[in-house]
Every structure is written in C-alpha cells, then in structure tokens.
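According to TrEMBL:
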{"type": "REGION", "residues": "58-123", "note": "region 'Disordered'"}
{"type": "COMPBIAS", "residues": "63-73", "note": "compositional bias 'Low complexity'"}
{"type": "COMPBIAS", "residues": "85-103", "note": "compositional bias 'Polar residues'"}
{"type": "TRANSMEM", "residues": "143-163", "note": "transmembrane segment"}
{"type": "TRANSMEM", "residues": "183-205", "note": "transmembrane segment"}
{"type": "TRANSMEM", "residues": "226-243", "note": "transmembrane segment"}
{"type": "TRANSMEM", "residues": "280-311", "note": "transmembrane segment"}
{"type": "TRANSMEM", "residues": "373-393", "note": "transmembrane segment"}
{"type": "COILED", "residues": "401-428", "note": "coiled coil"}
{"type": "DOMAIN", "residues": "417-452", "note": "domain 'EF-hand'"}
{"type": "DOMAIN", "residues": "474-494", "note": "domain 'EF-hand'"}
Amino acid sequence: MPRPVATEKTELSDEQQWFLTALDMKFRQQETVIRALLESHQHFPATPFYDALTAGDAGGALNGSPPAAADEAPPSPQSDGFVSANHTQDSAESQDLQATESQELQRRATKKTKSLGKTTMSEMQTEEVPALKKFVKGPLDGYLGIVVLVNLGMMAAVAQITGHEADVSLGLSPPEVVTAAPAFDIIEGIFFAVYLLDVVVRMIVLRKEWYFDEVEGIMYMNMFDAILVLVHGFELMLLPVFFSGDSEQRASTVRVIKLLRIVRTLRIIKTVALFRQLRLLVTTCVASIGALFWSMVMLFLIKLGFALIICQALQSYILDESNDMDTRLEMNWLYGSFLKALYTMFEVTHAGSWPTRVRPVVDKVSPWYCIPFLGYITLVVFAVIRVVTALFLKETLASAANDADMQIEENRRTAKNYQEKLEDLFRAVDEDGNDWLSAEEFIRALSLPSVQRYLAILDLKVSDCRPLFEILDDGDGKITIAEFCQGLNQIKGHARALDMVVLQRESAKLLKECQDIRKELKALLPALVGLTRKSGSKTFGGR
C-alpha cells in the first residue's frame with residue numbers, strides 16, 4: 001500500500017494556515033534577536049525588546065508567505081497581552097527615567113565641568129558653533145602663544161643690549177654703537193597692535209562668553225589679557241607723556257609687570273598636541289597647590305616651635321657679657337631674635353646646610369645642644385620631610401589622575417596609537433595589497449610566530465584563527481581593515497565585568513522569550529493534534 005502523501009499548501013485549512021503563520025513569526029523573531037546579538041556584542045538597542053522585534057517583522061513574512069497572511073492570522077491572546085503589557089510598562093519606565101535624569105542633570109549643572117571635564121561638556125553642546133567663534137576658542141590661542149614667545153625673545157634681546165650698555169658704563173666692555181633700539185620700539189608697537197586686536201576680536205566674537213562661559217566658568221585669562229594690554233599701552237603711549245626725566249626707570253618696572261605675559265603661553269599647551277607632557281606637568285603642578293599649602297603649614301608650625309625654643313635658650317648666652325664677643329655676635333646673627341632663629345631653622349630644614357648652622361652652637365656654646373638639634377634633624381629633616389614628600393606626591397598624582405580632561409586626552413591618545421598599530425599589522429599581512437584579507441590570508445598570517453608575538457604585545461592572544469575569522473567577518477568572506485581593527489579592539493584583553501553583565505542580561509531575555517514560546521506551543525499542542533487528525537482523515541477519506 002503506498003504511503004499517504006501530504007496535501008498541498010493550497011489545500012490547508014484556515015487553522016493550519018494560522019498555526020504555520022504563528023510559528024513562522026516566532027522563528028523570525030528568534031532569528032532577528034540572535035543575529036543582532038552576533039553582529040553587535042556590546043551595543044544593544046535602547047528601545048524595548050519587543051519594540052525591536054515588532055520593527056524587525058514589519059517587512060512581511062518569509063518563505064514566500066503573502067504579507068496579508070500574518071495580518072489576517074489570529075494572534076495568540078497570551079502573546080498579545082504579554083507584548084502590550086511589557087510595551088506599556090517599558091514606555092512608562094522610560095518616561096519616568098527620562099524625567100528623573102532631566103531633574104538630576106539640572107540639579108548638577110554647576111558640577112558637570114568638574115566631574116565630566118571640559119572636553120566632554122564641549123562635546124555635549126548640540127548647537128552649531130560658528131566657524132569664527134570656533135577659531136577664536138581654539139587655534140587662535142595657539143597662534144597667540146607663538147606670538148607671545150616671539151615677543152618674549154625680543155624682550156630678552158632688549159635686556160641683553162641694556163646689559164651690554166651697563167657693562168660699557170662700568171668700563172667692563174669697550175663702547176660700541178647700537179642702532180637696533182629704534183627697530184625694537186617699532187616691533188614693540190606691532191606686538192601691542194596684535195595684542196589689542198586679539199582682545200577686541202575676542203570681545204566682539206565671544207560677547208558674553210568673553211567674561212563667562214558655561215563650560216569654562218569665569219574667563220580669568222581673557223581679563224588678564226585685557227589688563228596686560230592696558231599696561232602695555234600705558235607704557236608705550238601714556239608713560240612718555242606723564243614722565244620726562246626718570247621715565248626709563250619707571251618703564252623698567254612696567255616691563256617687569258609685562259613679563260607676566262608669559263602666562264599666556266600656557267594657552268598654547270592646550271591646543272598643540274606636541275606639548276602634551278608639558279601640559280601634564282603644568283596641570284599636575286596646579287593640582288598640587290592644595291597639598292603643598294598644608295604641607296608648608298605643618299612644617300612651618302614645627303619650625304616655629306623649635307625656633308622659639310632655641311632662641312630663648314641662646315638669648316641668655318648672648319646677653320652674658322662674660323662670654324666671647326665673637327661667639328656672641330655669631331649666635332646673635334643666627335639665633336638672636338625669633339625671626340633670625342626662624343630663618344635659620346628654614347635653612348636647617350630645607351637647604352641641607354644644617355652642619356654649618358648647628359656645629360658653631362655645639363662647639364662654641366655647649367655640647368648639650370647636640371641633643372635637641374640631632375633630635376630635630378632625625379625626626380624632621382629625615383622622617384617628616386620624607387613622609388610629607390610622599391604624601392604630597394600621592395595627593396598630587398591622585399589629583400592629576402582624577403582630572404577628566406587629562407583622562408580623556410590620555411585615552412584618546414592610547415586608542416589612536418593602538419589603532420595605528422593594528423593598521424600597520426593589517427598592511428603587513430595583506431600580501432596582495434587589495435585592502436582586504438581572505439580566510440586563507442588571515443589564517444596564514446596569524447599563524448606566524450612573529451605575528452602572534454606582536455598580538456601578544458597588543459594584549460591579544462589568538463589560539464584558533466578560523467573562529468576568529470568568522471567573528472571578525474561580516475558574512476562576505478573577507479575582512480576589511482575597518483573590520484580587522486574594530487574586531488580586534490573589541491576582543492583584546494580579558495572579559496570585563498560590563499561584558500559579563502550584558503551577556504547575562506541578554507541571555508535572560510532570550511531565556512524568557514524561549515519560555516514564552518514554549519508556553520504558547522504547549523497551549524497550541526491540543527489544537528495541533530486535532531488539526532493533524534482532521535487533516536489525516538480528510539486525506540484518507542479523499543482517497
């Protein structure tokens with residue numbers, strides 16, 4: 001007896017069509033989720049899970065099923081209720097979360113710059129910045145820093161010429177005719193015009209941001225520039241008018257004040273990547289001011305107390321007229337008053353010249369003074385100074401490490417260097433130079449011991465090349481330089497806690513979805529059995 005043949009698709013009943021469409025929909029949902037997980041390991045959609053599935057199914061049914069089939073198929077009540085309930089719950093939670101985050105951001109508006117850094121705050125600004133304002137806030141600082149350096153070089157040349165004139169007046173050098181003074185005056189006027197133009201342009205372009213910026217805060221540097229320009233103009237134009245005889249002597253004082261313009265060169269450190277180490281040193285020194293202050297306060301209290309003790313102990317010897325006059329004069333010069341004793345203790349503590357300040361007291365006054373001095377040298381100069389130095393260094397490095405801008409800049413530089421190394425490695429293993437690697441090229445290149453050692457330096461350990469190629473490949477059978485660099489950058493090092501948490505979360509989502517599908521299939525099993533029996537009876541009855 002021949003085996004019964006299944007009926008064609010066109011002869012299926014409505015119940016069978018509905019059941020096949022429901023199964024097809026669930027399988028497509030599972031396939032969409034699995035593909036999304038494989039393509040992006042860490043970057044998951046911020047939309048709710050079922051919203052992503054619904055958007056993925058909007059294109060219609062697969063396997064040649066008409067689009068209307070899925071629409072006309074009666075959906076499962078349990079599935080609809082589950083999806084709508086979860087969608088409503090996710091939407092409500094998302095709205096509550098957005099409202100909470102908005103209030104939190106408004107409450108911490110004044111602390112953003114300190115916690116996130118100026119670089120991050122600048123990137124968060126969504127409004128379009130005009131090109132001129134962007135130039136004033138960025139490259140202009142670098143150009144003005146170069147101008148300041150040139151101006152300081154010119155001021156050094158003027159000081160050198162003035163020093164030569166002093167040597168001539170003292171008879172230390174032969175007289176020479178110097179004709180560069182008028183040229184220096186003209187150049188100084190040009191520099192003043194550049195500085196004045198810089199201040200005016202910044203005021204016009206930045207407007208309110210010239211004295212207050214939402215990211216930087218109060219712009220002290222701009223105000224400092226304006227004060228320096230006023231001092232410069234006072235020297236060039238007003239000083240010769242108000243003073244006649246000793247104007248040069250008064251102008252020298254103004255020139256000393258103008259040397260503060262060197263502070264402006266710190267701007268160039270922020271804009272030129274070549275001075276990264278210098279910027280790190282300057283930022284670290286600025287961060288150490290607090291630790292330095294309290295360290296000096298503690299040492300000052302120690303020096304103050306010991307200076308007071310030694311001063312009072314030696315004053316009786318100094319006032320005794322029966323003692324040697326030269327010794328009394330020497331002790332008076334070192335420890336005769338509180339301020340003299342305090343300055344001597346400063347030299348003993350910080351200058352390293354304590355033998356020349358202590359031995360005269362021990363040799364000429366009394367050997368018993370070696371006890372307090374040796375105790376002070378041992379406890380303060382040897383122990384306390386080193387402890388303070390260690391704590392000062394620790395606090396300074398901690399302050400520098402907590403600087404958000406420095407961390408962002410360091411991470412950016414590290415990522416750039418790592419990207420360049422991966423690109424160099426790709427070009428080295430790309431034998432034919434077509435900017436992509438086939439499976440054979442990839443496996444052959446990464447099997448070389450030298451390449452594996454280089455990858456080990458980059459914190460990449462490759463044991464099996466074939467699975468790695470399948471991970472990096474996007475499905476076209478070849479790896480481009482972008483896929484190579486991005487993939488190796490993601491899999492380098494050990495699994496982080498964030499990776500494990502994301503994997504557990506997505507695994508829990510998949511498990512819950514599989515459990516829902518299992519429940520729905522169990523609910524559909526009686527109907528499936530009944531449909532199968534009806535279909536079998538119709539088939540055999542028709543024959």
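Glycine residues also receive a Cβ, built from the backbone N, Cα and C atoms like all the rest.
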Counts by DSSP class (helix H/G/I, strand E/B, coil) across the domain 'EF-hand' (417-452): 25 helix, 3 strand, 8 coil
DSSP residue counts for the domain 'EF-hand' (474-494), split into helix, strand and coil: 11 helix, 3 strand, 7 coil
Averaged pLDDT, computed only over the residues in the coiled coil (401-428): 75
